[in-house]
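Heads up: the structure comes next, in structure tokens.
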């Protein structure tokens, strides 16, 4: 069942209550500070606040978790966003020369939005999202997770629900935070393989696939039939199939034959059309060249699996160290959903809503008894692991610095 999208989100007093009683400031502080004790990583961190009036205030920074909580409560923004760690506190920006304030580091971030899958989802459209089309996001998370772990060696990353129709990935490994803008673009280029969102032409990816792409294909193939051909069934619409499925094939004779067959036999399901491709190709291509046609057809179908299911990233979010991104546990102003940490098993209806949390608090006045607590626990466990790894990294750096200089050539 499709979730309806509310246009009347939380009120100013709702947000005031949320920041005062429910928002996990301490865990967010420890995450961004990489230590329970205030350090440069938090004191020099930029925060931006967005208000229901349309105002947007950048270059806020906080000295402690108490200051963080007090300032957010006082300002009561609709949401706040997290930016880079600078060489000086961003709040001092007006007293500095423009060249004096420099961004040093920030988490490597990725953003996946359902909009980029609209050509292939039929269960919902626009701002709507349900558990069926959310599978596109879950698969994108799976592929990205594998690349981050196996290809880049990152350990400390977490996904956060955007509150409506997307997900954000925060990579907090020390190596990732220190990436330059050029290096961030290099990582992006590696992961963002399917750059062309144009569905009316063939991908024609080079063979052999890069190992990452070959691995991704094997991860995605088991889901293609159930998600694309059965649940979404986008190509049952004959014109849509002619516009987005046929251009992915390589042979004009095959394309013309399929087009005629589908117009003569309308409303065949996506699964039937997928099988039609093989059957008509077999009848057309016989003799000594049949094997080469079979190989080309298989490659076209592999490209289609990747075109439909491979992660579609919002590239601007990843490119720059200074880019700001909405903080975890913010409230989406339109839906009232909490932007909670998630994993591949998440579905959007699992996200707690502020209105429900307020009802739970009225009964118990205890955050630990609300639907928010399991997500806070999940985030706390992530932060604890990050701090442990951060401490280990600092110790290794100190040990390296303490090693005596060698006279060996």
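Using the three backbone atoms N, Cα and C, a Cβ is placed for every residue, glycine included.
Annotated features, as they stand in Swiss-Prot:
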- 46: active site (ACT_SITE)
- 111: active site (ACT_SITE)
- 113: active site (ACT_SITE)
- 123-133: motif 'Zinc knuckle motif' (MOTIF)
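Mapped onto this structure are the features recorded in Swiss-Prot.
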{"residue": "46", "record": "active site", "contacts (Cβ under 8 Å, 6+ apart)": "58, 59, 60, 61, 82, 83, 84, 85, 86, 90, 322, 324"}
{"residue": "111", "record": "active site", "contacts (Cβ under 8 Å, 6+ apart)": "162, 166, 167, 168, 169, 313, 314, 317, 318, 325"}
{"residue": "113", "record": "active site", "contacts (Cβ under 8 Å, 6+ apart)": "162, 165, 166, 312, 314"}
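Taken as a whole, the motif 'Zinc knuckle motif' (123-133) shows an average pLDDT of 94 in this prediction. Across the range of the motif 'Zinc knuckle motif' (123-133), the DSSP-based residue counts are 0 helix, 0 strand, 11 coil.
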